[in-house]
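Undergrad: What follows is a single structure, and I will ask about it in a moment.
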Amino acid sequence: LPLTQSLSLCFRTLCCKGPPPPRPEYDVVCIGLTGSGKTSLLSRLCSEATDSIVPTTGFSIKAVPFQNAILNVKELGGADSIKKYWSRYYQGSQGVVFVLDSASSDEDLEVARTELHSALQHPQLCTLPFLILANHQDKPAARSVQEIKKYFELEPLARGKSWVLEGSTVDNMDAVKESFSQLINLLEEKDQDTGRI
């Protein structure tokens, strides 16, 4: 082939492949008490700076891109004044991310446990996949993932539901991304299940 012909052939192959197939998008609600680290984790996932983070009042929405999906994460503020309105924002969610501070006081951990239990039993959330992040694992006072699992009574309470419990820290985003990948797998499975009906 003459050079111009082979070049144009090469150019055509490059250009005419078309856009990559669209990644599925899932709407996910992110809840947890103030200070659990929701905003920091989500900001880091979006490659945003985390040095000027303030507690979320109301809610914020972030589109978090992953290799095989995009998660539209609606993060709800964790203050007492906002918590009572959480359920108003559950509609349309396809998955739940619950972030807890594994180094918090016993009192706060008890509150987090109550909130997680009510989320797991909420009519709009109870059938959805849950990603539970035991955050701040890098702090000296952090309880292990096993301790959290036992304390939160996840085995009996969440039996039959699809959930993942992982430790997390804002300094190890690879592990956090891996946890979110597990959630995406659960979301895809749920998608396929509903597709089969």
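Note: Cβ is positioned from N, Cα and C throughout, glycine not excepted.
As annotated by TrEMBL, GTP binding site applies to GLY32, LEU33, THR34, GLY35, SER36, GLY37, LYS38, THR39, GLY78, ASN135, HIS136, GLN137, ASP138. Summarising the annotation, TrEMBL assigns Mg(2+) binding site to THR39, THR56.
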Undergrad: For a quick check of packing: other C-beta atoms within 10 Å of the C-beta of LYS38 (GTP binding site), how many?
TA: 28
Undergrad: What span in Å does the GTP site cover, taken as the longest CA to CA distance among GLY32, LEU33, THR34, GLY35, SER36, GLY37, LYS38, THR39, GLY78, ASN135, HIS136, GLN137, ASP138?
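TA: Max span of the GTP binding residues, Cα based, is 21 Å.
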Undergrad: Between the binding-site residues GLY32, SER36, LYS38, ASP138, which lies closest to THR56 (Mg(2+) binding site), Cα to Cα?
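TA: Result for THR56 (Mg(2+) binding site): the nearest of the binding-site residues is LYS38.
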Undergrad: Between GLY32 (GTP binding site) and THR39 (Mg(2+) binding site), how far is it from one CA atom to the other, in Å?
TA: 10
Undergrad: Just to confirm: which same-chain residues, 6+ apart in sequence, have a Cβ under 8 Å from the Cβ of HIS136 (GTP binding site)?
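TA: In sequence order, SER36, GLY37, ASP101, SER102, ALA103, SER104, ALA142, THR169 meet the Cβ cut-off.
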Undergrad: Between the binding-site residues THR34, SER36, whose Cβ has more other Cβ atoms within 10 Å than any of the rest?
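TA: Top count of Cβ atoms within 10 Å goes to SER36.
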